[in-house]
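Participant: Let me begin by handing over the structure; questions about it come next.
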Amino acid sequence: MFKIVDHEQFADNLFLFKIEAPRLAKKAKAGQFVILRAFENGERIPLTIADYDREKGTIDIIFQTVGKTTKKLGLLKTGDEILDLVGPLGEPTEIENFGTSVVVGGGVGIAPIYPIARSLKEAGNKVISIIGARTKDIVFWVDKLKAVSDEVLIATDDGSLGTKGFVTDLLRGKMDSEQIDRVWAIGPMIMMRAVAEVTRPEKIKTIVSLNPIMVDGTGMCGACRVLVGDETKFACVDGPEFDAHLVDFNLAMRRACYYKEEEQTAQTSGCNNNGGGCQCQ
Amino acid sequence: MSIKAPRNPMPSQDAIERKTNFKEVALGYDKETAINEAKRCLQCKKPMCMQGCPVEVDIPDFIGAIAEENFEQAAKIIKNKNNLPAVCGRVCPQESQCEQKCILGIKGEPVAIGRLERFIADWEAAEEGKETIQTSCNNKKVAVIGAGPSGLTCAGDLAKLGYDVTVFEALHTPGGVLMYGIPEFRLPKTVVKREIDYIRDLGVKIETNSVMGKIGTVDELMNEEGFSAVYIATGAGLPHFMNIPGENLNGVYSANEFLTRTNLMAAYNFPNFDTPIKVGEKVAVIGAGNVAMDSARTALRLGAKESIIVYRRSKNEIPARLEELEHAEEEGVQLFLLTSPISINGDENGQVKSMTCLKYELGEPDSSGRCRPIAIEGSEFEMEIDTVIMAIGQGPNPLVANSTPGLDLTKRGNIIADEETGLTSKDGVFAGGDIVTGAATVILAMGAGKKAARAIHDYLENK
């Protein structure tokens, strides 16, 4: 059992859990994820590690309540326990001093870009964080990001915070004004694809973190197959980060929606693709 | 008892009935039948059957005890060597192990050793207040990676020898393929849990949710956590695909995923359990091993109207156990032999709608000794289906090997280990089961675990 030592609710459907998992916290690195199973009859769901504290032995996860599992998860509070938590899974982010690095986080994807930004900063990069969301209520961790970034830019769809528009607008603006050496984009699939299209003509190496449907997360089931440059990869062990210019996003989006009907049967709405978001509704 | 007395048949659920449920197919002997069957045993002075048992069960002794109605004694004899008898009695391919060597089999039918083993294991489980084995602890720590049949066997044997054993398991439940792979209707999960409880009763600690290679390494276990030896039994968990067009369409599963969703996550009980599975109306299972049979039979139980095994060789070459093939056919699984897909085709939504297949004929035997399938030119045809399950084998999962410097591997990524001892190229590190041999059987993996336990004991005694 894994104890929730702190929880925070950023918005109606947006939660943070700080979970006691000392072994996991000791090993976790930027870019990696966990799989949790909160209840006896529950699903195993992948969630990116948003932060870790090696000394206190905790990890942070941030999730949006979209399907049955995340909705049930959202009812847990500080002091409650998560039944199963396994990780750190996947390959860590490749971190070195690339020069000027831009990390783009959309929606709940703001969470996983934080440890990447921090690691990049520690490695000597100039770090520009660009975050975006539908509206200001669901923007979080701005201060945390400011502490590890040279610059933080915000876009909201409705203009309630930062620039009105999309993260891609801000990214394009930055690309016009300075030399960008590498870009990360994490968020809804549509956003990641859009970022890939912005950086493609300029040939700026861009990395996305995919969050497909998974069961075990250790390479055993193959549910998380993605096509990257004509090669089938397992996101759980080969990824979750891949070269955005090589990812077949259309295939990834279709695969993310495979259990849409079943999700509805489970008396919930939307696709249970936490964190990534296939936006198939 | 005459030698000619026929073998007692196994009572089983009716085929029409059972294909609609996940309850166990084979029902097990009752006392009377078991005693009758046990009396068929000739009690050979030089029992050949024991040579066919990878875990060295004293077969004539336990059968003799059954014949004398001393079930308690029979249980003791089995458990002295076999930590998972209720599992073995159900899923061991006895026909190619102990029973193949039975002298009665020359002119008639061999003693039903597997069924008797199952009978005793189930009898013991039903008895109240069974005595627990007392083990002493010598305070030497051994780590086992993987709580499948090989790891559990090794752990149980080492605990019996007095070692302080911890098993690290990646999934949330121990059991490995016994839990995620073999279906409920062939091996009820309550049976597996019961036998794992027995291993725990021996003093073995099992740490679930622990993916070695990620949360820790073999070197850390040995250098920082005080383990004197490590047994790697991580199995063959990496699903193979055919690398044909269309394999990433929605509706194409690896057998691993299909079975893991159904067994480990109980998707057959969706939405009472949260994990979904989709089966469609017409399912094609590619391959014809035991995993393929399990997948095809599971598909029927999940509601598929048609479940088809697509295999590129003929019936003679089918690698599944005969019993599994028979059960599958009885339940209505169809065989499309000498056939293999060259592409999977999807509709506009990216959902599987058909497979393009080629017909094959058999040529000369290949390196595996089986006749090589040769594609017949111009034999292309389309098969309408909505789900494809790839059951063409599994490779070794690289997570542990890649994080363990000094461990020699084969080209395919299997760990190189001595067949008799499990000793690897790294001092104090042993390996066995599917991670060494490639995908094989539960009992061979258990045999490797047993040998490794003995070798680890020798190693630590002489250290």
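Cβ coordinates come from backbone N, Cα and C, glycine included.
Quick paste of what TrEMBL says about this protein:
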BINDING   A:Ile62, A:Phe63, A:Gln64  FAD binding site
BINDING   A:Cys221, A:Cys224, A:Cys236  [2Fe-2S] cluster binding site
DOMAIN    A:1-95  domain 'FAD-binding FR-type'
Participant: Can you check what DSSP calls A:Gln64 (FAD binding site), collapsed to helix, strand or coil?
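Facilitator: The residue in question, A:Gln64 (FAD binding site), is strand (DSSP, three-state).
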Participant: Pop the mean pLDDT for the domain 'FAD-binding FR-type' (A:1-95) in here, whole number is fine.
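Facilitator: Summarising the domain 'FAD-binding FR-type' (A:1-95) by its mean pLDDT gives 93.
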Participant: I'm trying to understand the geometry here, so how far is the Cα atom of A:Cys236 ([2Fe-2S] cluster binding site) from the Cα atom of A:Gln64 (FAD binding site), in Å to the nearest whole number?
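Facilitator: With distance taken Cα to Cα, A:Gln64 (FAD binding site) is 21 Å from A:Cys236 ([2Fe-2S] cluster binding site).
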Participant: Sub-8 Å Cβ contact with chain B: please pick out which of the binding-site residues A:Ile62, A:Phe63, A:Gln64, A:Cys221, A:Cys224, A:Cys236 have it.
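Facilitator: Cβ contacts with B, in sequence order: A:Cys221.
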Participant: If you draw a 10 Å sphere on the Cβ of A:Cys236 ([2Fe-2S] cluster binding site), how many other Cβ atoms land inside?
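Facilitator: A:Cys236 ([2Fe-2S] cluster binding site): 27 neighbouring Cβ atoms within 10 Å.
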Participant: When a 10 Å sphere is centred on the Cβ of A:Phe63 (FAD binding site), how many other Cβ atoms does it contain?
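Facilitator: Around the Cβ of A:Phe63 (FAD binding site), 23 other Cβ atoms lie within 10 Å.
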Participant: What is the three-state DSSP composition of the domain 'FAD-binding FR-type' (A:1-95), stated as helix, strand and coil residue counts?
Facilitator: 12 helix, 46 strand, 37 coil
